[in-house]
Amino acid sequence: MGKEKFSRSKPHVNVGTIGHVDHGKTTLTAAITSVLAAKFGGTAKAYDQIDAAPEEKARGITINTAHVEYETANRHYAHVDCPGHADYVKNMITGAAQMDGAILVVSAADGPMPQTREHILLARQVGVPYIIVFLNKCDMVDDAELLELVEMEVRELLDKYEFPGDTTPIIHGSAKLAMEGDKGPMGEQAIMKLADALDSYIPLPERAIDGAFLMPVEDVFSISGRGTVVTGRVERGIIKVGEEIEIVGIHDTQKTTCTGVEMFRKLLDQGQAGDNVGILLRGTKREDVQRGQVLCKPGSIKPHTHFTGEIYVLSKDEGGRHTPFFNNYRPQFYFRTTDVTGAIELPEGKEMVMPGDNVSIIVKLINPIAMEEGLRFAIREGGKTVGAGVVAKVIA
């Protein structure tokens, strides 16, 4: 299948479907592509094309994810859909498919179910900023009061996990009717309403280049007569020659000045998000900087050791541990470019964590790391990945 040219003319937003098994996530994904392709161009995808999600690897974990794209009048969307619950958990925790917003699919016939709740909680923990609800299978419910009841339940559940339940758009429809070409309010019209909600309710994400400058340190060299050069890939923002920057993590924060930016052995006056650069630092000694630290705009990110996280523990089949771990387990946490040892505190009443589980934990690292909510990490033992996680809340 040939790759279509990626249209850059419209702003780009990443979304995905979440929700309980068999509530219609994949059917809805197919319906969105077919209705919007007919209206705005693009490719309609059939249910089985999406359901046969290819395997991909993220942070050493194999995940099945289907990627589709579609356009509305104003935007271009990349949309992820996962075949199984475990794939959602892994996807959201590793950040393999970052979501600027999620479409929560709830069957009107069943109402919220255990995975509905779990996916909302995961969305909160991993920092999915916006949720829109598609109340599916409404053609199977004749009772308007019942629909209202289900809608109320969903809003309460969103509130419980700190999403704005009252103001969340909830669209009533039937993905199946839309797939069958039904032009009525439950069919294509519901899909168009959903598209409008995506456009109006999910704001455009901040582009990496607009963020505060941040570059994880990959390597450090000393160049005689010129000073210390730090190399890495700029994660966000822009660094200009002459700007003050901080070196954050592992040791006390230090201030320094960028006196040069190099890319492919050429001198530049700035480096920006996505660039692999060498940054020359004024008056900084080679031994003052190490892998695992970050260079950043002063004050934009702080070093921390204590945080809550949401983790997925690899199963034995995925090359993970063969045995459970217990409270105070001390693996290495791999942040950006380095490992830091930390101790895990399990939630109250949870005795142990089995391979294949996902769980909320509290971590204390032995060295501080430049950290903010949403930062991803791997959990390793002797260089082998045994889990993946994301910082949910910084404690200290």
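In case you wondered, yes, glycine gets a Cβ from its N, Cα and C as well.
What Swiss-Prot records for 19-26, 81-85, 136-139 is GTP binding site, and it gives sequence analysis as the kind of evidence. What Swiss-Prot records for Thr26 is Mg(2+) binding site. Positions annotated as domain 'tr-type G' by Swiss-Prot: 10-206. Residues or ranges marked as region 'G1' in Swiss-Prot: 19-26. As annotated by Swiss-Prot, region 'G2' applies to 60-64. Annotated region 'G3' per Swiss-Prot: 81-84, in sequence order. Residues or ranges marked as region 'G4' by Swiss-Prot: 136-139.
The structure, with features from Swiss-Prot marked on it.
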residue: Gly19; record: GTP binding site; Cβ neighbours (10 Å): 26
residue: Asp22; record: GTP binding site; Cβ neighbours (10 Å): 14
residue: Lys25; record: GTP binding site; Cβ neighbours (10 Å): 26
residue: Thr26; record: Mg(2+) binding site; Cβ neighbours (10 Å): 23
residue: Cys82; record: GTP binding site; Cβ neighbours (10 Å): 24
residue: His85; record: GTP binding site; Cβ neighbours (10 Å): 14
residue: Cys138; record: GTP binding site; Cβ neighbours (10 Å): 22
Ranked first among 19-26, 60-64, 81-84 for CB pairs under 8 angstroms with the region 'G4' (136-139):
19-26
What counts of helix, strand and coil residues does DSSP assign across the region 'G1' (19-26)?
2 helix, 1 strand, 5 coil
Checking the contact step here: among the binding-site residues Cys82, His85, Cys138, which have a Cα within 10 Å of the Cα of Thr26 (Mg(2+) binding site)?
Cys82
Just give the helix, strand and coil counts over the region 'G4' (136-139), going by DSSP.
2 helix, 1 strand, 1 coil
Quick one: what's DSSP say for Cys82 (GTP binding site), helix, strand or coil?
coil
